[in-house]
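Notes for the one structure printed next.
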Amino acid sequence: MLAASFALVVEVLENLAYLANASNLVLYLSKYMHLSPSKSANNVTNFMGTAFLLALLGGFLSDAFFTTYHIYLISALIEFLGLIILTIQAWTPSLKPPTCDPSTTPSMPCQEIDGGKAAMLFIGLYLVALGVGGIKGSLPTHGAEQFDENTPQGRKQRSTFFNYFVFCLSFGALIAVTFVVWVEDNKGWEWGFAISTIAILVSIPIFFFGSSFYRNKIPSGSPLTTICKVLVAAMLNGCMSRNSSNAIANLSASPSFEPETNKEQEENAKQTDEIPTQSLKFLNRAVVYKPAHPALQCTVNQVEDVKIVLKILPIFACTIALNCCLAQLSTFSVEQAASMDTKLGSLKIPPASLPVFPVVFIMILAPVYDHLIIPFARRVTNTEMGITHLQRIGIGLFLSIISMAVAALVEIKRKRVATDSGLLDSTAPLPITFFWIALQYLFLGSADLFTLAGLLEFFFTEAPSSMRSLATSLSWTSLAMGYYLSSVIVSIVNNVTGNSGHSPWLSGYTINRYHLDRFYWLMCVLSTLNFLHYLFWAMRYKYRSAGAGASK
């Protein structure tokens, strides 16, 4: 556990550096870069989506060419460079658009950032995204590889690691959305970016100090090459089998094919000691005595590895809708809170600090789950896992439905207060406390804990060892697709509702004129359909990993 502890400490600093900016970025873009609320929201979701999507690149490089150790160090340096660029821009007034106050000069719209200033902003942001992607794609796998998966104790410790990985991720987020966001709002964004820069810089030597304790998996070649080779071989060999006597290997597992000759059986026996499974039977055509091309010669192990990857993809797809809901925490929810009374006694809470509610709840629930819920579940079910990965993911998806329903009801209340107070077109705070928004944060935070930790462990334990970093990166890719889908849904909703002769649901100068309640009800319906889709696949999935459903 000592080696994995370095990864946990580093995750605190890394997520602090990333989320300190991401959680408040929508306000930075709208107030200081003068982008409209919808443009700011879409830029934030695109930035965060790209960061998580690039985790696939980090995972791929970790499996194919470098170790997770090297990918982390390279990625941290890239993120450090991006944060330096953003810090310099925030510190230098000439690198930002001219300041303005639309409430004093409504006839003169503020000038949006453009030209070289916009280029500097987005170069810095997407260098950060590239670094974050590499870290997310390598660090969880690096920590999980420090445990012996061949023993029950090692597997239990690995499960604990994933729980505390989410805990540390949340701890970094807690510092980001409280202390750093307060600094950004009260002392200036240049200081917020500077804190993030220092955090990611400090994480590098801390990670490096654990070098003597790490167990590093040797890269075994490109997993994408194996996947493509098996798929192409199955397709071409299938076409050839219709026009020739070329036999499929291990025909005893596929009696519908023509029988092999004794010579072919002997050759196939030399190639493999295993028989392909009957699931996804069309891929068995990749294992033949005479392939369509020598470069397409596949082993049974390669075919079975690709089958595993294809089987986990539907589970991955079903989590995208949840992450589309989570995208609202960084966009519309922040703007909602900014329109409300954010005072707590004499203290004024920054709207971007609202994620403190789900973060604190996750930090409480993670150790409770690991030390109380899981041991109890193990005794009740008499299994090593207690609660399976897919059950845990399913709980998170169900909670996302509740969170969107709560968000819609809260928005109805907020709009009613705005109407009754005559403040629909005002930028003044509404006479309603921002604590109402905390309700949707709590449900979405709980959903995130169950789903993210479950996904990370599910992909790591189910994937072939040669593809673990790439498979684990799917957890972050699901987040990316969720953020991108959020942008797409916002655009579609505005286009459809705007074409009917009415104002678009999610358009206007003030969020009080938005129809966010309708948007949240739409997300609730989509989440319900997605949950039913998930149940279809989860109930048919069969675990392959040791201990997934075995008795203690």
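The chain as shown is numbered from 1 upward.
Cβ atoms here come from the backbone N, Cα and C positions, even for glycine.
Listed in TrEMBL:
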- 260-273: compositional bias 'Basic and acidic residues' (COMPBIAS)
- 254-274: region 'Disordered' (REGION)
- 46-66: transmembrane segment (TRANSMEM)
- 71-91: transmembrane segment (TRANSMEM)
- 118-139: transmembrane segment (TRANSMEM)
- 160-183: transmembrane segment (TRANSMEM)
- 189-210: transmembrane segment (TRANSMEM)
- 312-332: transmembrane segment (TRANSMEM)
- 352-372: transmembrane segment (TRANSMEM)
- 393-412: transmembrane segment (TRANSMEM)
- 432-460: transmembrane segment (TRANSMEM)
- 481-498: transmembrane segment (TRANSMEM)
- 518-537: transmembrane segment (TRANSMEM)
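By the Cβ criterion (distance under 8 Å, sequence gap of 6 or more), the transmembrane segment (432-460) is not counted as touching the transmembrane segment (481-498), fewer than 3 such pairs being found. Remark: the transmembrane segment (160-183) makes no contact with the transmembrane segment (393-412), by the rule of 3 or more CB pairs under 8 A.
By the Cβ criterion (distance under 8 Å, sequence gap of 6 or more), the transmembrane segment (189-210) is counted as touching the transmembrane segment (71-91), at least 3 such pairs being found. Against the transmembrane segment (312-332), the recorded stretches 71-91, 352-372, 393-412, 481-498 differ in Cβ pairs under 8 Å, and the greatest number is found for 481-498. Within its own chain, the transmembrane segment (71-91) is flanked in space by residues 10, 14, 17-18, 21, 58, 61-62, 117, 120-121, 123-135, 137-139, 142, 188-190, 192-194, 196-197, 200-201, 203-204, 207-208, which lie at least six positions past its ends and keep a Cβ under 8 Å from the stretch. Most Cβ pairs under 8 Å to the transmembrane segment (518-537), among the stretches 46-66, 352-372, 393-412, 481-498, belong to 393-412.
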